[in-house]
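What follows is a short report on a single structure.
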Amino acid sequence: MNSTDIIANVTKPFVENLTLGETAFYISCGIVGTVFNALVLWIALTYINTEDKPRQIIVINMTVADLLMCIVYMKTRPWLSHFNLWLCHPYYVIIWTCQMCSCLNLVWLNVDKLIYIQFPLHYYQIVNRKRLLWITAATWGGLYAMNIALVTFLKITRGSCLGVSLNPYVYLLSPIFYVVMILTSFSLSALIYCIAHNLTHMEERQRSKLFRRLFFLFSSTLWTFFTCLPYRLLYLFSIFCGETCQINNYYKTATNLFFRLLIVGIMINPVITIWTQRIYRLRLMRMFGRLRENSSTEVLMVSNRRASERPPEHTPLRCDM
């Protein structure tokens, strides 16, 4: 990200002396992102039964990662140069881990849907809450350990957390990870779309429900692809082209522009979750009094409902995520 631009062993933000507009951009994105991510997280933890809907654990992980980014990075970026030096290493560990975790969980979400499409009768035998909790622990723990290892090579060179040095060959793993995860998610989504589109045994009504069920996945994957991948690719290429890219004003402007888009993308992620997933949307409408008392009771009271006692073979497809 902006705070981790490590090229030719030197990390330097795009703009060290932020203007009023840039400060307002970071703070406003941080506040809006915090509010919406906290709202999604509250709804998920309060009203969703993860025994019945284990895939929501993945959504919760993505939301937590984005929430931490909004709080730890966006709201503090204008004052990063004033941080105590002992905060620099934990700061980079947190923001790197959160970004990687968000990308990796998008891959898990695609894998989950691929299993659902390929093995619908055995989905709940393959995917369950316990397994996803183990995957969650392994994902966060593995990425945290990897970034702890990365920051051991980090050196503060300019007296603030804005000026740090890291061997580009060591840090190369990070941008490659982002690009590979995003392309993997996009490829899996394309595969899922092709499989769903070519299902011949489904009636039109069933097919429509299936695609509504997949809408959140496709929206999240495409949004990440267009808001995150351009910056990651430009950054990865800049490591190899070195001084040529650093002195090219057009390249720097494009990189700066796509970085801003990445920040906006993180802020909008929870909005996409609310917009595309029925349970979040209905609960939010209920909170603002726009839903009648007797509407969609089953969806709004998910937490009070037992997990289905029917075997997975007889569990129908649902389109409420």
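Note that Cβ sites are derived from N, Cα and C of the backbone, with glycine treated the same way.
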Of the candidates CYS70, CYS88, CYS241, CYS245, the one Swiss-Prot records in a disulfide with CYS161 is CYS88
Message: Just checking the record here: does Swiss-Prot list THR46 and THR244 under the same topological domain, which would place them on the same side of the membrane?
response: no
Annotated as N-linked glycosylation site in Swiss-Prot, from the list ASN17, ASN198, is ASN17
Between ASN9, ASN294, the N-linked glycosylation site label in Swiss-Prot belongs to ASN9
Is the transmembrane segment (222-242) in contact with the transmembrane segment (25-45), using at least 3 Cβ pairs under 8 Å (sequence separation of 6 or more) as the test? no
Maximum Cβ pairs under 8 Å to the transmembrane segment (176-196) among 56-76, 133-153, 222-242, 255-275 is reached by 222-242
For the transmembrane segment (133-153) against the transmembrane segment (56-76), do we get 3 or more Cβ-Cβ pairs below 8 Å once near-sequence pairs (under 6 apart) are dropped? yes
